[in-house]
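Peer 1: Can you read through this structure? Questions will come right after.
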């Protein structure tokens, strides 16, 4: 039987590198503060090593292709011009999307998800988890929240001291809560989430095209150098190595790009693919899926002319997301939600959809309204209560 939402909701830290929050530095003395600060600075510096490595490989590939291949190896002027035009087109789009992925700051929860000062002080002083949950339930009455913890409690981050919006998770590497967090990527030294997920997809797409173009155009000269049809020059090493590097990166990027295209089509993040979000009626891995076309539009926007351009066009605000109706499955173990002790039905909100949600679903979806049913205000061992929420569903 699942736990009641009277237990304390702990921060769920999610990142590629770690799933545990970094503790606050001790305030008992400056001797512990200084080493922690220095260690944190060292970690931030070392985190740029993968990005620097990629930048060096890209710079070398530019020199090897433009100078050693096009200028010193290819004899045809027309072939040189065509190769250089397409190469620079793909190179610019690749660097542009990579830059946007790295330097776009992850979006964080707004101030409305922070506890008021008085409630925060009460929460910190309160030792009973049940009482802490009551404080969170009261604070969440005006917030558009559909998801809960696995135990049915309000999702609260003790590290950032905010109520987590739907699809928001804490990243221990960035030490912040990130809206619609997908994962922390060491190759961009940044969290991939709502603010830069489109840039990340385009980065994978253009890096794949960049590597494919290099491998395809270098192949004939790779064979000629390999079979000694061309004289041994300095360009031989660059051309041979350029083909191997491009082919290697192409294979690795293709698998990652295909996986994220599948996630976009399903409207899931990497975190949600491994751990289904829990709604008031239970967990549902397809809870945010609106259909293939609308799932694509949520990430890339409704103007197709901007889909391939690294400009932010994703729909919504990252705080609320349209959801389909989460239906109960009798054969699937559902998380049963109980109201906190001494909590009336009026204290458990059914939040309205935001403007961005209505704009997405207004064309071919209808609102399905259900009333909340609460049998008693006290918990009984032989009784359970299921709260049904009003959500948007596809017609």
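Cβ coordinates are placed from backbone N, Cα and C, and glycine is handled just like the others.
Unlike curated records, TrEMBL annotations are generated automatically.
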Peer 1: Which one of these stretches, 1-33, 34-66, shows up in TrEMBL as region 'Disordered'?
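Peer 2: In TrEMBL, the region 'Disordered' feature sits at 1-33.
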Peer 1: Which stretch from 46-65, 81-99, 199-223 shares the most C-beta pairs under 8 Å with the transmembrane segment (235-259)?
Peer 2: 199-223
Peer 1: State the non-local partners of the transmembrane segment (81-99) in its own chain: residues 6+ outside its ends, Cβ under 8 Å from one of its Cβ atoms.
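Peer 2: Same-chain contacts beyond the ends: 54, 58, 62, 65-66, 69-70, 74, 188, 199, 202-203, 205-207, 209-210, 213-214, 217, 308, 310.
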